[in-house]
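K.L.:
So that we are looking at the same thing, I have put the structure below in structure tokens.
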């Protein structure tokens, strides 16, 4: 679920997903089109693609299980679809953490769809 995604971002990247990633670049936030603008935006692009491959459950609403082991997030549970959602969220949170040094809110916060032409969109 989106609430769990927020939790994973807080645990892994030590940032609020709602504050830092809800309206950034062309792909961080609702929807997405155009070309990812930087490494952080590419994290969101890859996350969107990952959600797009999930079938049989709702990535934004369905609750999955995870645990922390030695500082790492481990996705669990018996439902393969929900586990896949967790893996998408986990990978994005790690990507955000690993690319904090390229995050540029002055340039890409509230970037807007007008700066992300549909015809420049990349396939997943």
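Placed from the backbone N, Cα and C atoms, the Cβ positions cover glycine too.
Predicted, not measured: the structure shown is a model, and the values here were computed from it.
Swiss-Prot feature annotations, pasted as is:
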type	residues	note
ACT_SITE	47	active site
ACT_SITE	89	active site
BINDING	27, 29, 31, 48	Ca(2+) binding site
DISULFID	26-116	disulfide bond
DISULFID	28-44	disulfide bond
DISULFID	43-95	disulfide bond
DISULFID	49-124	disulfide bond
DISULFID	50-88	disulfide bond
DISULFID	57-81	disulfide bond
DISULFID	75-86	disulfide bond
K.L.:
Using DSSP and three states only, what is residue 28 (disulfide bond)?
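P.N.:
Where residue 28 (disulfide bond) sits, the three-state DSSP reduction gives strand.
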K.L.:
Under DSSP, is residue 116 (disulfide bond) part of a helix or a strand, or is it coil?
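P.N.:
Once the DSSP labels are grouped into three classes, residue 116 (disulfide bond) ends up as coil.
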K.L.:
Given the Ca(2+) site residues 27, 29, 31, 48, which other residues of that chain have a Cβ within 8 Å of the mean position of their Cβ atoms, reported in sequence order?
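P.N.:
Leaving out the recorded residues gives 26, 28, 30, 32, 33, 44, 45.
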K.L.:
Let's check the environment of residue 44 (disulfide bond): how many other CB atoms sit within 10 Å of its CB?
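P.N.:
Result for residue 44 (disulfide bond): 22 other Cβ atoms within 10 Å.
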K.L.:
Cα distance, residue 47 (active site) to residue 88 (disulfide bond), nearest Å?
P.N.:
6
K.L.:
Taking the Cβ of residue 47 (active site) as reference, which residues of that chain separated by at least 6 in sequence fall under 8 Å from it?
P.N.:
27, 88, 89, 91, 92, 95
K.L.:
List, in sequence order, those binding-site residues among 29, 31, 48 whose Cα sits within 10 Å of the Cα of residue 124 (disulfide bond).
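P.N.:
Near residue 124 (disulfide bond), where near means Cα within 10 Å, the binding-site residues are 48.
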K.L.:
Can you grab the distance from residue 57 (disulfide bond) over to residue 116 (disulfide bond)? Cα atoms, rounded to a whole Å.
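P.N.:
One finds 29 Å between the Cα atoms of these residues.
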K.L.:
If you measure residue 43 (disulfide bond) to residue 28 (disulfide bond) at Cα, how many Å is it?
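P.N.:
So the alpha carbons of residue 43 (disulfide bond) and residue 28 (disulfide bond) sit roughly 8 Å from each other.
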